[in-house]
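In what follows, a structure is listed as structure tokens, so that the remarks can point back to it.
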């Protein structure tokens, strides 16, 4: 028994090391790749100081943090709702953040500061997450809870579309492109949003014990002495915060929170002590690679990263649905 535990521990360490190396390679490639390839030896040249340190580095850090936040949010929501298909984008949380953002633009008539827009996006994400939690407490079946989340997402998407369609504001029309997801406008001025993600990310990665209990189910968690009401509300607040900040920073990006936790679980990383940091590393790596594709796929324009992740993630999602139905 002890030997099996040690083997599993060594395997987990190997996975985390491999994911760390993958993330570092993706980060290095992201800093080098662009309209002009800049190798590490040229990073401190006048050209490198502009393109690498002022343009690519803030974007790369934002992509890394958002990818980690979305993947961890997916893992947390799957444990909270006891639903392997739970994910911020699929369950409407990202769209809720978008509704909060657009409502702020409409009510503020484009005069609100960036920090106020970010807080409104966070509030929208929290409201949708709390509604989903209310549905979960009614002990709905997995399929019905999933459908409820999809319906909330459709409602939020319809509200955003109506608002943008009837708006004469140029800023609001530009939000439609922004809601497809993209890091094109990220620079050091958004560093406060990046900093807002770090403490919540680190805190959630340290909460493996309650997450493992929640993954066992509500009855088992109660029997083990876990205060469900406290942890549910705290984790809902943390998830809503991460998704809201991510949407405020880069728009709606789907499938990262769904696919990454599933793939890691299929690889044997079921313990949240390993799954949560693994999700952070894998989510950051996946979104960095998707951002590189979005930047380089077309010579004349940049693809919305939400389109790239949806194109790559949709087939994986269909495969997961088919596998879950067997």
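From the backbone N, Cα and C atoms, a Cβ is placed for every residue, glycine too.
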Which stretch, out of 184-204, 205-225, is listed as transmembrane segment by Swiss-Prot?
184-204
Under a Cβ pair cut-off of under 8 Å, which of the recorded stretches 15-35, 61-81, 88-108 contacts the transmembrane segment (146-166) most often?
88-108
Which one, 15-35, 61-81, 184-204, 302-322, has the most C-beta pairs under 8 Å toward the transmembrane segment (240-260)?
61-81
Whether the transmembrane segment (184-204) meets the transmembrane segment (61-81): three or more C-beta pairs under 8 angstroms:
yes
Restricting to the same chain and to residues at least six past its boundaries, which positions have a Cβ under 8 Å from a Cβ of the transmembrane segment (15-35)?
43, 51-52, 56-57, 59-60, 63-64, 264, 267-269, 274, 277-278, 281-282, 284-285, 288-289, 291-292, 295-296
